[in-house]
Amino acid sequence: MSDADDNNSSGRRPLSLKRSGGGTVQQSFARGRSKAVVVEKKRKRVATPAKDGGPGGKQGGGAKGGESALAAKARQLGLSEEELVARQRAIARARAEAADREAQKKQDAAAMAQRAASEQRQLEEQRERVAREAREAEEAAQKAIEDEARLKAEAEAATAAKDSGRKRDDESSRRRPPAKDEKRTPEVVPMDEASALEALGGRVKRKGGAAGPGPAAKQQPARAKTDNRRRGKLTIQNILEGDEERQRSLASVRRAREREKQRRQDTSGGREKIEREVVVPEAITVADLANRMAERSVDVIKYMMKQGQMVRMNDVLDADTAELVVEDFGHIVKRVSEADVEQGFIDDDDADEAKLPRAPVIAVMGHVDHGKTSLLDALRSTDIASGEAGGITQHIGAYQVELKGGQKITFLDTPGHAAFSAMRSRGAMATDIVILVVAADDSVKPQTIEAIHHAKAAGTPIIVAVNKCDKHEANPQKVLTDLLQHEIVVEAMSGEVQSVNVSAKTREGLDELTEAIALQAELLDLKANPERSAEGIVIESQVDKGRGPVATLLVRRGTLKRGEIVVAGAQWGRVRALVDARGQQLPEAGPSLAVEILGLDGAPDPGELFAVVDSESRAREIADYRQRKGREATGGSSPASASLEQMMARLKQDETQEMPLLVKSDVQGSAEAIKQSLEGIGNDEVRARIIRAAPGGVNESDVLLAKSSGAPVFAFNVRANKQARELAEREGVEIRYYSVIYDVIDDVRNTMEGMLAPEKRENFIGYAEILEVFNITKTGKVAGCRVTEGVVRRGCGVRLLRDDTVLHEGKLKTLKRFKDEVSDVRAGTECGMAFEKYEDLRKGDQIECFEVIEVARKLEA
């Protein structure tokens, strides 16, 4: 079988070279000849690398043994295929990230440019608005002036026309005398169009002045015929000739009529301006001032612009400026002060017929460890003293005791430690009777004397309770004798002060003490009105973790009920709960009862007065005013120094080292006592600076504040939560926990003593006499000396004496015995000595040797 048969049988074409492409083109020649020309088109074949895994991937590229391009490139770089792929991916990822960063950078730049353009546009709009308002104000003023001038001119023109008409009437009447029997009737003069327009407020321009009957105007020569196209149009020739009357349009006449109507309404029939009484406080915004005057804010702003001040609606004006604005707008000014918000907060005393007897409030005061809390425990049959840290009371406790006869007494247990002076002062101010507890074995102590002074300053009667009479070394008579030095004369010594010998341990004399209290209360005739809103004093406050701000209040008069709105110091809130000393919920609290309240927005300062107000708005207003005053008092800038002494004192104060501290305590009174004690420790060189002293546990904000201030945190009877502990550990903030105030004061005192510069003391050690002076080449002058007294040590301080006069004071540079350096030379021994930076040595001079020692300083107690 032939190849042709095979091809035909398989249906395939025979193999042949395919031309790259071509065709025939008819080519024309001169004289009508043409020829068919074969055209061949050549095409270029472009070789491209085959894709990975493609059909030709293993055969192309010229790699040895069918190796792929990727493997060849990897082998060329000394990498594996996976490493090359990873590198290519990393490069692609880096390029993509770079492209993303570039796009983000362009986007940020566009946003920044857009924001800058927006700010610039807002600034330009604000400037345009201010300029537009000024321009409108100026145009309004100019328009008013023009209207006034126009109305005046119209009035003068009307008067002139009326006078000319009257003259014409008189002249015509003289020419033609009327008949005797003929009745005179007013002659009606026809009004031309120009006069009608003038009456309506229009304006007519004439060449010869005002129109009216009179001599005939001089006739103008006839003009040549003009083009009708220029008819009715204003030309230069018409302006020069001026014989044609030109009038305003009907719309202009209508506007003039409306202006005249508006003017008549403003002068005669318009509404009258109302004069108001405007209350002007110490500071007020422009919008609020305009609202109180019932004026537009734009008018007030325009007025201030005329005065040369650029203000906005929310800008604050002082009282003097606001008063001038109100007076210029025609209103009555009523000046008030910010302190007026507290008017009526504490009412006057009640009428005697409305008062009822109340329980006395007793403050137990005295020196620390004299048994005040134990005496109260004996009266209440409780045991509180054993549960207190260190066995001392560190905040005021309020309790109410019911005696056997049914009489109730409210006790306030005040701390006796020296740090709680402010608490004792509050206790004396808030009570009716002071029980002065003095230990029979310890007699009068400093805090006893302080308690006496507090009671006398408050005018509170005193009952002396001589405690611990059961001890063998007790001497009650010595106590009463020592009290005479402080003007406390008891009844046993012909005085007026009651005294009772008691023992909290054996309960001796408790009945006599209660009888003395009842007698003193009966003499005081204590009464209060329970049927009124409650008023009283804040005894203590704290921030409880579960209950929030808690304040202990002593009701002096009235009845405090649940749900009422209370303002206590700079805090306010609605009473959510009333809790007595036993932890029981009460619906209300009457006079002489101490209760804890919940619901305030913060812990008030102890010693502040509290009262019930009628609305939340008034409570918020009073609290905001007090908080603002507190911020001004603590953050106000000191006035500039007016003398050299004040400037030097301030510079000296700036050089004082400060120890920053952050104090958190269980109650506000303890924080106040710690702050007062620590601030009194320092001197002119070092002092404690309390960054914050507040009740409540240590939280994260306290740690951050301590970190920024470089201060440790002192936690008194409180703990830090978990987040605060972790943050303090990360930031390196030290948190110290205390339960006794002694330890706080001692630690701070020791730390501040370490900050003091040590005291330098000079200690004399010996004398030496110069026998001969030698000049050494490298060393300089060296004195050959004999130690006459004491000892001379190398590096000690020296003074050169000549004729008992100190010529030089410095340090000993060299001390030699023969040719050897020695550490010291004793009396009777010769040595060689050289001074630092001094060589004026002579035979016979005396050398005084001394040492400077540093002694740690102590702070005064």
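Note that Cβ sites are derived from N, Cα and C of the backbone, with glycine treated the same way.
Copied from Swiss-Prot, the annotated features are:
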BINDING   366-373, 413-417, 467-470  GTP binding site
COMPBIAS  53-65  compositional bias 'Gly residues'
COMPBIAS  94-108  compositional bias 'Basic and acidic residues'
COMPBIAS  109-120  compositional bias 'Low complexity'
COMPBIAS  121-155  compositional bias 'Basic and acidic residues'
COMPBIAS  163-186  compositional bias 'Basic and acidic residues'
COMPBIAS  213-223  compositional bias 'Low complexity'
COMPBIAS  255-273  compositional bias 'Basic and acidic residues'
DOMAIN    357-527  domain 'tr-type G'
REGION    1-69  region 'Disordered'
REGION    92-273  region 'Disordered'
REGION    366-373  region 'G1'
REGION    391-395  region 'G2'
REGION    413-416  region 'G3'
Spatial neighbours of the compositional bias 'Basic and acidic residues' (121-155) far in sequence, C-beta under 8 Å, 6+ residues away: 198, 201, 259, 263, 298, 301-302, 305-306, 310
Contacting positions for the compositional bias 'Low complexity' (109-120) when only residues 6+ beyond its ends and CB under 8 Å are counted: none
Helix, strand and coil totals (DSSP H, G, I; E, B; other) for the compositional bias 'Low complexity' (109-120): 12 helix, 0 strand, 0 coil
Per DSSP, three-state class assigned to Gly366 (GTP binding site): strand
Fewest other Cβ within 10 angstroms of its own Cβ, chosen from the binding-site residues Gly366, Asp369, Lys372, Cys469: Asp369
Overall pLDDT for the domain 'tr-type G' (357-527), taken as the rounded mean: 77
